[in-house]
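Per TrEMBL, transmembrane segment is recorded for A:7-26, A:38-57, A:64-82, A:88-109, A:116-135, A:162-180, A:212-231, A:238-258, A:291-311.
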Amino acid sequence: MSRSLRPLLATAVIFAIAYGLSVMQFPGMFSTRVLGNFLTDNAFLGITAVGMTFVILSGGIDLSVGAVIGFTGVLVAVLISWMGLHPLVAFAIALIVAAVFGGLMGLAIHALEVPSFIVTLAGMFLARGGASVITQDSVPINHPFYDWISDLLIRLPGGGRLSFIGLLMIAVFVVGALVAHRTRFGSYVYALGGNTVSASLMGVPVARTTVAVYMLSSVLAALAGIVFSLYTSAGYPLAAVGVELDAISAVVIGGTLLAGGYGFVLGTFIGVMLLGLVQTYIIFDGTLSSWWTKIVIGVLLFLFIVLQRLIFAASAPGEKVAEKA
Amino acid sequence: MSETGYVLEARGVVKVFGNHVALDKVNFGLMPGEVHALLGENGAGKSTLIKVLTGAYQPDGGEVLVESQPVTLNNPQHAQTYGIGTVYQEVNLLPNRSVAENLYLGHQPTRYGFVDRRRMERDARTVLARYGLDLDPGSELGTHSVAVQQIVAIARAVELSGKVLILDEPTASLDRNEVERLFDVVRSLKAQGLAVVFITHFLDQVFAIADRVTVLRNGRLIETRALTDVTRTDVVRLMLGKDISFSGATALEEARPAGEVLLDFRNYGRKRSVHPFNLTIHKGEVIGVAGLLGSGRTEMARIMFGADPADEGEVRVAGQKTAIDNPTDAISRGFGFCPEDRKAEGIFGELSVRENIVIALQGKLGWFSALNRDEQMEIAGRFGEAMDIRAASLDMPVKLLSGGNQQKVILSRWLATDPAFLILDEPTRGIDVGAHAEIVRTINRLRDEGLALVVISSELDEVVAYSSRIVVMRDREMVAELHGENINPGVIVQAIASNQTGASA
């Protein structure tokens, strides 16, 4: 196991160093306020990234999550603002729609033996297109329930706020970690990422697991969409464009092997926080263009791919794994 | 109905792929407490029969009975619930997961819905101890040797099934000691009343462990016999349907004068791979490489071919000092390499036989002189015929061919480049007796035509049969070079065994 722990450790160390350096430059960054905002601002990305972690661990990829976030936002906004449904009912509908959507993608990937890349790319266009057909504009949500949730927070000493959506993200990570590392389903996901043929010969329900993985990813993306609508109090069809790529980056930076089979949900959490840190730093600096975020993410991503390559190529008997990467 | 006493039985099983009949009304019965060898050439239908018995394939006719009750086995997992477990030639486990999880995947002990990892690893330790393995159940499977992985696979199959154990060429990648260890395990399982199906190409092993033997040929059942009343020759005759002589017959090659020096490796080696070795190779000479698994045989071949570049020493090709840093260098100097792992490193499974044959030649010609289809057909046809490749069409994907034919395709690929030097790594592994003999004949023919060959093989009888010289590898080091009358299995075993410090486990 130590081999797969190494990238995780590297991420944690890099995060600690980067955070330490940032605090040295801007002491204001070491506060519960910043930490609380960290969680709130990245909640939707974090939740999405948990689903993405499962997909990547299973050896696949899900490009549709950003579009699902956008679609869910629009769907929820329309159901609440136009149809007058209670938000909880709207949430339930959105989650069910996403579950069906993800399940169908998983089914297509398994049954048609099509790469997940292509199927979820189609899913991405479908969801994004669907959202834009419903409405082209931003649909505001004004509902007492939304106000109530926004007020739901834990005040931390030092002026920080632990918002509901921040806590929700942490809950999703905890549950995600338990499912990935402590359940049979989790072991099946790793099995698929390790070797699909072996997995099926060992009796892993490949079809069911594949469907479940993409269903999970879409449901979590929809949950992220709900969180995003709570965060912005609106639904916009072009919301969260490119979030799938941020999520993939967070997963890989968090130490999960892009080829599948190795990684940790906790690593993804650190990955998301690292991305958040870069953004926060740039806000604190004030003079840097926000596009620097992308450059830093690009550098980090590249660094981690090289790191994984080195780690998995260095340990001799694992040659097969290295070949796959 | 239970008068047969069979724990697992196939009755009149038929399996058809397209218009190819893979199994034609085959009957097969397995008694509890017996080791039943299943023999046949490649393409005889062994694998298909196994897949039907384990639920991987559904029979198109006939039925499968477990304890005399007809059953439908939907998949290998379903077969497992009937007590049928399988271990395949390639280790079909998960290198990325822990040993314990590989033992229990799908059956992990749980508490409140969560996997009880501590209990799983404790149980795993107990189970592994019974198979003579003392290792950390929490360690990643991929960090252990293939032999250990294979034993873990057997442990898994037995733990989860418990009535029938199907071993599909489990010894193909094990060395002698490990095979013995495996046999001890099989004997004790047999004593516990387990029925074992044993598929192998090694007749020695069949006679060492099996009680009965069933022979298949071209998808038909030839015969099931008790091994007490058959001889080796009988079995071979049943398998091939004809008499073939098995005499090594090479002593006469001894007197041949060595050709001129083609290759000269001096202090050639690579750190953490192979200790520097000296080897001179003449034209018209076959150098056999013997040694246990993990002794550095394959590594040596890869260095010679530039697949892993050497970082020490020098090589002279026909007297010229030169550098071979990658396979392209090697090919341009007339080298060819048939790797050990045919499926992963040799064939392009999805490509046609024709494309597989011309690809090295095309690589040698370069980008700008593409062979057109007619030229490709002509070349592929010529070698297909010369090598007696049995394929329905040269345009069929090479993955559909049997192992022996795939090997011939790879050989043809290199012969098409008109090589001076060929490296064959385990050319006869996983190949049936008939194709085996053909490959050996081809090696002899190429030598007579003046090629220099390095042939790596675990089968001593075979190495002895065609080698002009034999080098012995041990612990990544060349430890002996045998000439003349020293070329016999006894001496080789001694060379391998002397000062032996534990096999690769």
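Using N, Cα and C of the backbone, Cβ positions are placed for all residues, glycine too.
Distant neighbours of the transmembrane segment (A:162-180): 36, 39-40, 42-44, 46-47, 50, 53-54, 57, 149-150, 152-156, 186, 189-190, 220, 223, 227, 230-231, 264-266, 268-269; these residues of the same chain sit at least 6 beyond its ends, with a Cβ under 8 Å from one of its Cβ atoms. With a threshold of 8 Å between CB atoms, the same-chain residues lying at least 6 positions outside the transmembrane segment (A:116-135) that come near it are 55, 60-64, 66-68, 70-71, 73-75, 78, 101, 105, 108-109, 214, 235, 237-238, 241, 244. Residues 40, 43-45, 47-48, 50-52, 54-55, 58, 60, 62, 64-66, 68-73, 76-77, 91, 94-95, 97-99, 101-103, 105-106, 109, 116, 120, 141, 146, 149-150, 164-165, 168-169, 172, 185, 189, 192, 239-240, 243 of the same chain, all 6+ positions outside the transmembrane segment (A:212-231), place their C-beta atoms under 8 angstroms from a C-beta of that stretch. Highest Cβ contact count with the transmembrane segment (A:7-26) among the listed stretches A:38-57, A:64-82, A:238-258 falls to A:238-258 (criterion: pairs under 8 Å). Same-chain neighbours of the transmembrane segment (A:64-82): 44, 48, 51-52, 89-91, 93-94, 97-98, 101-102, 105, 120-121, 123-128, 130-131, 134-135, 139-143, 217-218, 220-222, 224-226, 228-229, 232, 234-245, 247, counting only residues six or more beyond its ends whose CB sits under 8 Å from a CB of the stretch.
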